[in-house]
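Written below as structure tokens is the structure these notes are about.
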Amino acid sequence: MAAAVATVQRPEAETVEEASNLQWPLPPEHRPSGAATRPGDSEDAPVRPLCKPRGICSRAYFLVLMVFVHLYLGNVLALLLFVHYSNGDESTDPGPQRREQSPQPVPTLGPLTRLEGIKVGYERKVQVVAGRDHFIRTLSLKPLLFEIPGFLSDEECRLIIHLAQMKGLQRSQILPTEEYEEAMSAMQVSQLDLFQLLDQNHDGRLQLREVLAQTRLGNGRWMTPENIQEMYSAIKADPDGDGVLSLQEFSNMDLRDFHKYMRSHKAESNELVRNSHHTWLHQGEGAHHVMRAIRQRVLRLTRLSPEIVEFSEPLQVVRYGEGGHYHAHVDSGPVYPETICSHTKLVANESVPFETSCRYMTVLFYLNNVTGGGETVFPVADNRTYDEMSLIQDDVDLRDTRRHCDKGNLRVKPQQGTAVFWYNYLPDGQGWVGEVDDYSLHGGCLVTRGTKWIANNWINVDPSRARQALFQQEMARLAREGGMDSQPEWALDRAYSDARVEL
């Protein structure tokens, strides 16, 4: 308190000192004898009367007046600022039209985080749930694949299954759309160009395995040597019946007959590329608190920016019944000049014929223990080299998860609550997305007994850094303006999007 009093009293002392230094002319009778006079002072000059101590010209009155003026001006200034910021950038021109806001600069995105594999079998301790340790184990380096047991509790797994059942599941289909066929026609690829694309060994002849390597699906049907030859016979593409097409035979074939044949033949469930049912569960505002908590765990696990994780696809929940499977595929498609990512196409303002899923990471959760089969297979994990043609040797197609799952390099057995995650792209050397990692080829083995439940969290990143930044900026703007329910509207189960993942 003493210090405070001293602080308050200090200006008064200064005022007294300053007042004592004021130079007012004194009447002659009050001047000390011998006092010096300034030029212009004279006895006859009119004498300026002294102000009364409480008069309007006193220093105290002057200080009070200045304080009042400053307070008044401050209030006026504050009022003007309030009006200005309340109206934003409203135009002062008459009329109801609002000035068009200048576009915000697109932010620059930092590098994408990527966990180091170190070596197969390497374990590290992490905390994705407060107060609880989890262990991440490296399963392979090509692709960069990890396993984290106990990521979900048994109760959380059962809840996710329950929520999916309440919403309702639909059959998972992979079918080319009419738009896909129209786009293919619009590209005007000659049959000679198509033949050269399929002819991998450039011997001028199309063997069955060359056709199978590129033509992985028809009307959702998994193509095998048997049904390829059946199609050849139906459309009379192989007159000599040797199962090999020459350039002349291929040129004589009408591709419209091929599409007509595929549309007219309905595939059985065991002949499909995938035999499962699925649904989507959102994880944003308004979702069940467990769903939001899982997203936060994924955020801590991946160490990616919140914007990337939050604006990625909802959680996909999949049920494989007995006999269910998913032949080997990659989760992301390569982006060519003719393609665009599904999630950024709304903001890209580009006209391209094809779209594809751009999934930087896959986080897969096992929601139950499977009685028989149902492993996740990575056929070429940690191979020294990758060659698409080597996937099909003699009668063995490593992509066929119904027949040859046991021949894959790595199989992960479903265990309730365990998560596995991997990167679908190689790094580009500049902290962003590079080429698709061919070693990320994976599939769901045949469920021989019981039912298999899984869930997928896909993290979407556009290989174009600028498009990804624009997408995040636009989604953030929509969220601020209440234009979406915490997430963009995803159209992720379109037939061609799924089909493109397979190509």
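Going from the start of the chain as shown, residues are counted 1 onward.
Note that Cβ sites are derived from N, Cα and C of the backbone, with glycine treated the same way.
It should be emphasised that the depicted structure is a prediction, and the values quoted were computed from it without experimental measurement.
From the options 1-49, 246-294, 393-441, the stretch Swiss-Prot describes as region 'Disordered' is 1-49. The Cβ of Glu375 (Fe cation binding site) lies under 8 Å from the Cβ of Cys405, Arg411, Val412, Lys413, Pro414, Gly444, Cys445, each on the same chain and at least six residues away in sequence. Of all the glycosylation sites listed (Asn349, Asn369, Asn383), Asn349 has the fewest other CB atoms within 10 A of its CB.
Take the Cα of His329 (Fe cation binding site) and measure to each of the recorded positions Asn349, Asn369, Asn383, Lys452: the nearest one is Asn383. Note: the Cα of Asn383 (N-linked glycosylation site) and the Cα of Lys452 (2-oxoglutarate binding site) are spaced 28 Å from each other.
Nothing from the recorded positions Asn349, Asn369, Lys452 places its Cα within 10 Å of the Cα belonging to Asp331 (Fe cation binding site). Remark: of the binding-site residues His329, Lys452, the most isolated position is His329 (fewest other Cβ atoms within 10 Å of its Cβ). Across the structure, Lys452 (2-oxoglutarate binding site) and Asn369 (N-linked glycosylation site) place their CA atoms 7 angstrom apart. Asn369 (N-linked glycosylation site) is 45 Å away from Asn349 (N-linked glycosylation site) when you measure Cα to Cα.
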